[in-house]
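In what follows, a structure is listed as structure tokens, so that the remarks can point back to it.
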């Protein structure tokens with residue numbers, strides 16, 4: 001009796017399967033084989049289409065994910081060169097089929113924007129001076145693409161997977177030429193506005209000035225940042241010496257500071273309000289996320305951990321509240337897989353990258369008139385600096401520009 005039941009069940013199963021195959025004989029190949037499981041397929045970010053964006057200049061898209069596997073500008077633990085691979089691997093449960101962001105009410109992979117994975121910049125680990133040139137040239141190349149939304153005359157936007165934090169400098173250099181001076185929201189446990197002379201070494205060279213802790217100081221001195229619309233958020237690092245001298249130096253670079261502990265007093269809402277109060281609605285914004293902004297319990301796989309950080313849940317909520325900003329570029333950096341045995345750091349990195357892409361998509365295409373206006377203001381400020389012999393913008397410079405009638409006209 002049991003044998004007869006087994007045979008009957010097998011026949012029914014065969015009949016059902018045969019019927020399904022017959023009903024789908026006319027299915028095309030994409031319908032049959034176009035969807036991957038999280039564990040199948042080539043590991044692009046979120047199973048996005050892969051395009052060699054540095055080579056194929058004819059390809060049009062709106063948002064690109066680009067890896068920059070560079071980590072030879074670190075001051076402590078390395079390993080972030082393997083970050084892009086790890087973040088892509090951790091993103092494999094993201095797909096366009098199952099990509100709806102319940103926090104934002106959109107699926108960024110099925111909306112107006114064409115989102116692709118551009119692969120990696122093959123940056124040298126042998127020579128930091130050459131690496132900086134390579135990364136800058138790569139970003140300039142990427143920004144010479146046309147976006148699929150061709151009516152706005154602006155290039156695609158990019159989310160970068162690092163790599164150590166120094167990779168923000170070549171990105172800002174390239175973006176400055178396209179968008180003008182940028183307001184930077186810098187999620188990090190460290191200031192990263194240290195002058196190279198702050199590092200404890202008698203030995204210095206031009207190459208040694210370029211580090212993952214000095215790049216925002218360099219960016220300021222090169223006129224890449226807005227004067228007073230930049231934010232550090234999540235700070236909790238120890239400072240130099242026996243005073244707030246590092247904060248005094250940071251003031252001169254044009255940053256406002258939000259310390260990690262502030263979230264305990266005013267909650268997430270107060271953090272968001274403080275960020276938004278410093279970022280005008282008419283400037284292009286770059287968001288940089290150093291994974292060490294998170295507490296080591298949530299992100300142990302990084303080079304310079306600091307205890308007492310935010311949780312992933314809190315950072316995601318803060319990013320979600322910034323979706324109305326004019327986000328023209330972003331990065332997630334300092335993910336170091338050798339120190340991430342359970343992969344929770346790379347998983348956090350993949351989620352943060354997803355949230356940043358969501359922000360770009362939900363905001364929609366950037367208004368080209370806004371960018372034109374910002375470029376004009378930025379160029380006039382730079383010209384004023386050069387005429388007056390200033391190497392970087394300060395309040396003193398702005399006062400003097402007005403007195404000399406180098407007034408920035410709208």
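A Cβ is built for glycine as well, from the same backbone N, Cα and C atoms used for every other residue.
For the Mn(2+) 1 site, Swiss-Prot records 188, 192, 290, and the single candidate of 165, 204 listed with them is 165.
A separation of roughly 6 Å, to the nearest angstrom, links the Cα atoms of residue 188 (Mn(2+) 1 binding site) and residue 292 (Mn(2+) 2 binding site). Local packing around the binding-site residues 165, 190 was summarised as the count of other Cβ atoms within 10 Å of each Cβ; on this measure the leading residue is 165. Separating the Cα atoms of residue 290 (Mn(2+) 1 binding site) and residue 190 (Mn(2+) 2 binding site) is a whole-number distance of 9 Å. Those residues of the chain, other than 165, 188, 192, 290, with a C-beta within 8 angstroms of the mean position of the Mn(2+) 1 site C-beta atoms are 168, 186, 187, 189, 190, 212, 213, 288, 292, 293, 333, 334.
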